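If you look up Swiss-Prot, you'll see 38, 39, 40, 41, 42, 43, 44, 45 marked as ATP binding site, on the strength of sequence analysis. According to Swiss-Prot, the feature domain 'Helicase ATP-binding' maps to 25-192. Among the features that Swiss-Prot reports, domain 'Helicase C-terminal' is placed at 219-363. As annotated by Swiss-Prot, motif 'DEAH box' applies to 136-139.
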């Protein structure tokens with residue numbers, strides 16, 4: 001048994017790696033900058049956690065996902081690793097200060113890109129050796145990526161300030177142009193690239209047409225009642241997530257709830273935990289749900305709407321079947337779906353007058369901390385996405401109405417272009433899997449016939465239906481107390 005295999009078994013209890021993991025880890029251990037693409041459920045976290053036990057110094061993980069940070073830290077602690085912490089907005093001032101004052105004691109530190117931009121945090125990080133700088137969801141760096149986050153664009157410069165540690169840039173879905181953008185912005189021209197297929201052959205792909213929205217609702221009810229769960233229903237808006245969850249609860253025997261970014265942090269975590277621990281059968285949600293939720297046995301994902309990008313679609317269906325067992329993705333399509341998504345994107349549009357007002361507000365704000373600026377804009381009534389983009393442009397010195405309007409219009413055009421492309425992919429004749437893989441510049445060789453492919457190639461949906469009674473669930477109040485326990489954990493106690 002090699003040292004790598006010994007470490008894998010000692011700290012994670014596995015006797016073998018998932019496809020692609022070992023090559024990525026060996027690249028990291030050789031000290032090379034690495035760009036890695038693994039499909040959702042491919043085991044990305046192990047690719048940096050295992051090297052952490054074989055390298056001196058801290059592993060610093062930048063992630064935009066609060067739920068992912070908390071989940072990963074709890075998993076590490078459950079395995080007996082006390083040297084893990086997350087530095088984000090969920091910590092109160094005292095907890096945050098404790099982590100920073102004891103920063104030399106941590107092996108794994110998760111933090112948001114916003115936290116990393118704090119001069120105080122940066123100075124503390126400079127005092128410890130960093131063996132690996134991990135950028136999770138690396139596609140957020142690129143304007144071509146489906147989830148561009150302006151805060152990510154500064155990570156290349158921040159890496160230099162931290163002493164230029166080796167980088168691992170991770171993503172589950174990215175096109176060639178997005179990956180090239182990531183390489184350029186992080187200055188990773190000589191990085192080793194390990195790009196695994198986005199294909200998930202254990203997930204059958206199905207597109208169904210409905211006459212109207214009412215028919216789609218009826219079909220969701222039917223699918224949730226009949227399919228083997230648990231499952232996720234992705235919805236276009238917060239309102240739809242809440243309404244569909246209500247319909248499912250009133251018309252089926254399934255335990256359902258809704259989830260979106262507008263819920264209080266405690267409510268979001270409670271719903272996640274109830275779902276993970278089988279106290280809910282189905283979650284109706286916006287795209288705020290799923291990333292960082294580690295549940296391997298999700299059996300189906302339903303899209304009640306047209307996704308905005310092919311990348312988002314692949315990530316969202318990838319929540320299913322992470323245990324490798326047969327699962328199904330179903331997209332429900334009806335007239336007007338495209339126009340609805342177009343309206344949602346165009347809601348991000350702002351007039352020249354609104355931009356001028358925002359610039360005046362930003363210029364009057366004495367504190368130029370990005371978090372403070374964002375809070376000001378949110379109080380002013382600017383949307384989260386708009387606020388992120390406007391502050392990014394403002395901090396770059398693009399403070400004229402014309403420049404800001406031009407950049408925002410460009411972003412909207414990119415989003416509309418991507419939506420047109422995914423709409424075309426999902427409506428064209430031919431194998432759906434092949435069309436999606438072609439979008440990601442992958443060739444596709446059909447399976448030998450053992451695994452169902454897509455609705456064009458044909459498969460029997462009854463294969464994914466329940467075979468017996470729904471399993472009974474634990475009382476919900478057990479997780480209310482567990483949530484209280486999680487929030488009551490003292491950072492001091494965890495390290496001592």
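Using the three backbone atoms N, Cα and C, a Cβ is placed for every residue, glycine included.
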Cβ-based neighbourhood (8 Å from the centroid) of the ATP site, residues 38, 39, 40, 41, 42, 43, 44, 45 excluded
18, 172, 322
Tell me which residues of the chain lie with their Cβ under 8 angstroms from that of residue 38 (ATP binding site), as long as they are six or more apart in sequence?
20, 21, 24, 44, 47, 170, 172, 196
DSSP assigns the residues of the motif 'DEAH box' (136-139) as 2 helix, 0 strand, 2 coil
Sequence gap of 6 or more, C-beta under 8 Å: which same-chain residues meet both conditions with respect to residue 42 (ATP binding site)?
18, 19, 20, 21, 172, 196
Nonlocal residues around residue 41 (ATP binding site), in sequence order (Cβ under 8 Å, 6 or more apart):
200, 296, 318, 319, 321, 322
By the 10 Å Cβ-neighbour count, the most surrounded of the binding-site residues 39, 43 is 39
Per DSSP, what is the helix/strand/coil residue tally across the domain 'Helicase C-terminal' (219-363)?
64 helix, 24 strand, 57 coil
Identify, among the binding-site residues 40, 44, the residue whose Cβ has the fewest other Cβ atoms within 10 Å in this structure.
40
Number of Cβ atoms other than its own within 10 Å, given for residue 45 (ATP binding site):
19
